[in-house]
Amino acid sequence: MQWRALVLGLVLLRLGLHGVLWLVFGLGPSMGFYQRFPLSFGFQRLRGSDGLASARSGAAGQQGTPGGPSWLQPLVVGAAAGGPQAPRRPSPGVCGPAPWGYALGSWDCGPDEYEKRYSGAFPPQLRAQMRDLARGMFVFGYDNYMAHAFPQDELNPIHCRGRGPDRGDPSNLNINDVLGNYSLTLVDALDTLAIMGNSSEFQKAVKLVINTVSFDKDSTVQVFEATIRVLGSLLSAHRIITDSKQPFGDMTIKDYDNELLHMAHDLAVRLLPAFENTKTGIPYPRVNLKTGVPPDSNNETCTAGAGSLLVEFGILSRLLGDSTFEWVARRAVKALWNLRSNDTGLLGNVVNIQTGHWVGKQSGLGAGLDSFYEYLLKSYILFGEKEDLQMFNAAYQSIQNYLRRGREACNEGEGDPPLYVNVNMFSGQLMNTWIDSLQAFFPGLQVLIGDVEDAICLHAFYYAIWKRYGALPERYNWQLQAPDVLFYPLRPELVESTYLLYQATKNPFYLHVGMDILQSLEKYTKVKCGYATLHHVIDKSKEDRMESFFLSETCKYLYLLFDEENPIHKSGTRYMFTTEGHVLSVDKRLRESPWKEFFSEDEEQEQQGKFVHRPKSQELKVINSSSNCNRVPDERRYSLPLKSIYMRQIDQMVGLV
């Protein structure tokens, strides 16, 4: 009888301890693993009368406020002001080893597999092996494109053949917006060849582009895609060829006569009709390279598509001494900026170019808005125009005030870890409970402005999704803990942020992340003649398409992550990447704007409703902008290895252990 009483006592003691855990910490026997993803925190999947997630009495009292997870909470209504009141901007939190640790309990971080894998050094031999693997990945895709697809735009890697525009179905915008029958993959990959030091293939590719690519085509393309993929690559390659220092090796072309610059000019001129006959100055989304804007053109465009042209158009203007291209791109940015909400400072994602009416009122960091924010900052870095930085700072403040939800610090305090959500641009109210894979670029942008702590935390969220699926689903529902859109087209955004975070911190953790990504791509996407889009991130079924950005961005950032001795990383050189990953040297010549005073006059006249005169080159005076971008993060602050418990908890949360 005594042993039975002892067993019963132990059982009752265990039940009592679990009860205390539930009451005090909101943790049960599962220790927070109710859902298998880091951002579950044990709260229930709730749905309110408006169709969005909302609090349900009784079920949402675990972690955070009684009304449920903080991401789902509406903004506090200011009683005095009578309107929405933005949450206080958090101070930069030190995103240490366990930003989601409170939902999991804690463990001692003694020596184990996590310590060895994530906190230890990354041996030089392994780094060289990963660098060579990334180079081999590019070479395999590039060589197969040249063998089986050139001069068509893309490679179908499963059936080993080329792909061009879908002439039979003009409404197939997924293909026709991107493919213009101008050897897209070859053009897009030019500067990757140079960065990898392959001078002979770079020179051969440049000559092929000069001799075979023409933009005099009956192709209707998206202005944004043609600008970032083709125009940007031509300008990047031109700058590499004409760089007197030749940092990547001898990339000069015998008898080169600025042909790539002339081609860039030709393409940009064919894109200019998109900016005509628009009452707002915001361009049409598409043009036909032969005939201009199609008669049945859509009057609706996304903010990123219309407002992310300034880097390429601005460089072209400054290289040519012709203000036209920068003028139209800058006018579009200002037009969009002036349409932002007076209450929140946010922009929507789809706008009518004739009326200025917001058709899509969602404000977020993903598709439709991502590169608009990116190019506000990068335009300032390149050109030194203070108004670009002022717009970016104001936009970033609004993002922090209305999109950033969760607790103030990454790994400290009450409530849920921070996450950037999609909200209504006018009210700041939550619109849905998903994020898309394009948002993974944002930690990299935060690195550029020195907000490294927040970048570390946000990057870990996307990497945790990657570890769960071996890829990033196109859209992930953070409340349902499952993908909403299941495909992965070999996107580079997570790799880009990983690379930039490594450059900012020199923490070997990010080398391990890069190795995980490399191995996943090799395991799940490699096929007979290249690398294929994942149709379904869970069952790993594939689509027969290898988009050009896989070679121009994904492979490039992976290679640079492991190539410590690359000229881009040498002291004294300053480079910036476009939104398509094309490398551009940052130098004072691009900061010489001879038409700056005319832009100021234009803005005043536009506000007064007057006709705006566009200056010609011979009318201009040279004005040198000497402002500089000096917000460089201190690498020493982030040089200590992340604790092994950090990755152990991530693995636990995504069900890997």
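Each Cβ is built from the backbone N, Cα and C atoms, and glycine gets one as well.
Sequence-distant neighbours of GLU225 (active site, proton donor) (same chain, 6+ residues apart, CB-CB distance under 8 A): ASP177, VAL178. According to TrEMBL, the active site, proton donor annotation covers GLU225 (among others).
TrEMBL lists ASP370 (among others) with the feature active site. Take the CB of ASP370 (active site) and look out to 10 A: across all protein chains shown you find 25 other CB atoms.
Non-local neighbourhood of GLU474 (active site, proton donor): ASP436, SER437, PRO483, VAL485, LEU486, PHE487, TYR488, PRO489, each in the same chain, at least six residues away, with C-beta under 8 Å from its C-beta. According to TrEMBL, the active site, proton donor annotation covers GLU474 (among others).
What TrEMBL records for GLU493 (among others) is active site. Counting only same-chain residues at least 6 apart in sequence, those with a Cβ under 8 Å from the Cβ of GLU493 (active site) are SER437, LEU438, GLN439, ALA440, PHE441, GLY444, LEU472.
The annotation Ca(2+) binding site is assigned in TrEMBL to THR579. In sequence order, ILE228, SER308, VAL311, SER371, GLU374, TYR375, LYS378 make up the list of same-chain residues 6 or more apart from THR579 (Ca(2+) binding site) whose Cβ falls under 8 Å from its Cβ.
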